[in-house]
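Heads up: the structure comes next, in C-alpha cells.
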Amino acid sequence: MAAASEPSALLVLFTALLLLRNSFVHSQGLQIGFYDSYCPDAEDIVRSTVEQYYDKDATIAPGLLRIHFHDCFVQGCDASILISGASSERSAPQNFGLRGFELIDDAKSQLEAVCPGVVSCADILALAARDAVDLRQKFADQGLSDHDLVTLVGAHTIGQTDCQFFSYRLYNFTATGNADPTISQAFLPQLRALCPPNGDPSRRVPLDAGSPDAFDVSFFKNVRDGSAVLESDQRLWSDAATQGAVQKYAGNVRGLFGLRFAYEFPKAMVRMSSVAVKTGRQGEIRRRCSRVN
C-alpha cells in the first residue's frame, strides 16, 4: 500500500486553505499555486470539475470533504483511499458509503490530458475538498452576500432529502466510529430512527423537523440548536461569516423574526433572479422550454 501512496505539495496547507481561503500562504516552502509553473490550469480544472458535479448534486461537497478526512486519518494524506480493490483501504468497512470518487477520476483524466504525470492524486483530492467547502464564493461571484446565502438556504424549511445524503453523519463520521459531533444529542436518536444502518437509503426526511410544512423560521432554530439534517446546513452555524444571520432569524421572538425572514426572503430571491439575466437581443425566446429553437 505504501508504494502506491502519493506525495502532496498542498496538503500541509489544507487547514490554512479552509481558514484563509484567498490568502497567499507559505509553509515549509510550499504555496498556493504550486502548480502554476508545471501545470498552470491545474487548479482551474479541479475547481471547474467540482462546480460541474456540484451543480448536479450539491451533496457532493460534504462527500469530498469526508473522503479527504478518511484519507488523512488512516495512514496520512496520501490518496491511498482512492485505490480500489478487495483488500484496499477504500473497501474497508469504515469507509463504506464514501462518495465522490468519480469526480476525482474525472479531474485526473482531464489533468493527465494536459499535464501527464505532473499533478498527484493527493493534491487533486486536497484541491477538490478545498473547493467544495468554499462554495460561498459561488454566491459572491454573482454579487450575492453571505446574508443572501443564509436567507436563500432558509427555503429548506419546506424541503426534504434522502437518508443516503446525510446518514454518514450518524454512525461513522470521518472514520471515528461516532456521529458528527455537531449534531445535538437530543436530535441524533431521531435521525437514527429514521435512517437505521440497514434502512432504506431513499427514505425521504424533512429538512425542518420542527414544522416541515410551514414556511417559517423553525429551520434556523434547528441550525442554531444542532438539529440541522444536512452537514452543509449545520455549517451555517459553525461559520463565523454566516452565524450572525442564522442567529438573527432564529431569535427568541417568533413573530418578529418570522416576519423579518418572510420579508427578506423575497428580496434575496429577487437579487438571485437578477444574476446574469439576458435582455434585449441576448439569447432567444424558445418555442419549447426543453430545447433551443
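Note: Cβ is positioned from N, Cα and C throughout, glycine not excepted.
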Query - Residue among Cys72, Cys77, Cys115 that, according to TrEMBL, closes a disulfide with Cys39 - result: Cys115
Requested in this report: With Cys163 as one half of a disulfide in TrEMBL, pick the other half from Cys121, Cys195.
Outcome: Cys195
Report summary line: Whole-number Å distance separating the Cα atoms of Cys115 (disulfide bond) and Asp71 (Ca(2+) 1 binding site) is 24
Query raised in the report: Taking the mean position of the Cβ atoms of Thr157, Asp208, Asp216 as the Ca(2+) 2 site, which residues outside that list, in the same chain, have a Cβ no more than 8 Å away, listed in sequence order?
Result: Gly154, His156, Ile158, Gly210, Ser211, Pro212, Ala214, Phe215, Val217, Ser218, Phe219
Query raised in the report: Counting across all protein chains shown, how many other Cβ atoms sit within 10 Å of the Cβ of Asp216 (Ca(2+) 2 binding site)?
Result: 20
Report task. List nothing but the one residue from Ser80, Thr157 whose Cβ has the fewest other Cβ atoms within 10 Å; the candidates are the binding-site residues. Result -> Ser80
Report summary line: CB neighbours within 10 A of Cys39 (disulfide bond), counting all protein chains shown, number 17
